[in-house]
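Undergrad: Quick one: the structure is below, questions incoming.
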Amino acid sequence: DFLCISLVNGFTQLRYNLGDKTIILQTLQKVHANGNTWHSLNAGRVGNEGYLDLDGINVTQKASPGMNALDTHTDFFVGGVSSLNLVNPTAIENEPTGFTGCIREIVINNRELKLTVTDAKGGANIGDCDGTDCGYTVCKNNGTCQVENSGFSCSCPREWTGTTCEQSIHCSQNTCGSHALCIPQPSSFSYTCVCALGWTGKYCDNKIKFYIAKFVGNSYIKYTDPFYGKRDLQYSRLSLNFTTNQTEGLIAWMGKSENEDNDFLAIGLANGTLKVVINLGERISVPLMHSKYFTCSVGRWHFITVVQNQTCIKVYLDEELILFEDIDPQRKYTALNYGGICYFGGFEIGRKVNTVTTGLFQKQFIGKIKDVVLFQDSKKIQLVKAEGYNVYDGNSGN
């Protein structure tokens, strides 16, 4: 299997093979080879249907019956390859040669690859394309960069300020405390303070402790498991208590959630149904649904436990076994390589649940969570000592 983007006789080509046949798409127009024109290229596939878009002009290859998963386990190469014999002969029309030119802003599956010395895994013979202090992302939020004797300066759009247009004008005079993020509210020409875990108040200056975490819909907790290196990942377990009156929401996500290749185990609500999803590898997400669950008024606590024994999954709700399934009798992948990361209630500010979970769950959680236990640990997780924002003390009131 492969996916390859190349220049052929002045045209841009996308070629990919999912295991049965090579599909070729070519742009309708040639690129400008004058060395000073930037082109915007979008290319990819949904299943086995491919698309190629150069500067807004789209070419699409309608899907025909066939395979629809790209199974590749190599590094991702930009501009060339470390050895030409890595290139499948059908991946390019002519003899493979390295690219000469400039490349910037590569985004793979909504994740930008930083083309820097420290972020790339390796490379050779790469230079700075811009040649000035004005790289393409120096000025944020559509600011314009000007080169000056002392370096550079940014001309910012009306709503932004700061040396690199990184700060909203609504937050430039904010009174949020040191344990808060200022979130601009342009529609009301104001801002709100979002409090870090363990802090509350209008300006996030009141320290709190809690054993019950209250989530209000734009909250999250990110917990890093200190014992991850010692875990037997073929036998995972997550248990917790939750209460809610909502029909949608992500309760817990064990996994790094950086890209679609990451293993995960997820618990949440979808259409008033309890939903458990597990992915042990190769992007095969297996959703398990329990239709008998119905939402209850706040105050009714539910106890859920999910046990993964290699590919066998057991789900207990209020100490009753409600789901038991072997998700892969072939035992191709048997370990939950979750990276030691657990999210509760949602993901980092700015990351939408339906995007990160590719539609498995629609919203952040609204409700309360307590008594979280990983594996067979004797102690509950101290949620208040993790990382997160906008989480309240669930002990007090509703």
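Along the chain as shown, the residues are counted starting at 1.
For all residues, glycine too, the Cβ spot is worked out from N, Cα and C.
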Undergrad: Going by TrEMBL, which one of C102, C154, C156, C165 is joined to C129 by a disulfide bond?
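TA: It is C102, per the disulfide annotation in TrEMBL.
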Undergrad: In TrEMBL, C165 is paired in a disulfide bond with which of C156, C171?
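TA: Checking TrEMBL: disulfide partner of C165 resolves to C156.
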Undergrad: Identify the disulfide partner of C193 as annotated in TrEMBL; candidates are C176, C195.
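TA: Of the listed candidates, TrEMBL names C176 as the partner.
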Undergrad: If you look at what TrEMBL says, which of C182, C195 makes a disulfide link with C204?
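TA: TrEMBL lists the disulfide between C204 and C195.
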Undergrad: List, by number or range, the same-chain residues at least 6 past the domain 'EGF-like' (130-166) whose CB is under 8 A from its CB atoms?
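TA: For the domain 'EGF-like' (130-166), the far contacts come to 104-105, 172, 184, 186.
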Undergrad: Which one is it: of the disulfide-bonded residues C102, C129, C195, C204, whose Cα lies the shortest distance from the Cα of C156 (disulfide bond)?
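TA: Going through C102, C129, C195, C204 one by one, the closest to C156 (disulfide bond) is C129.
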Undergrad: Fill in the CA-CA distance, C193 (disulfide bond) to C129 (disulfide bond), as an integer in Å.
TA: 40
Undergrad: Rounded to a whole number, how many Å is the Cα of C129 (disulfide bond) away from the Cα of C195 (disulfide bond)?
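TA: Between the Cα atoms of C129 (disulfide bond) and C195 (disulfide bond), the distance comes to 41 Å.
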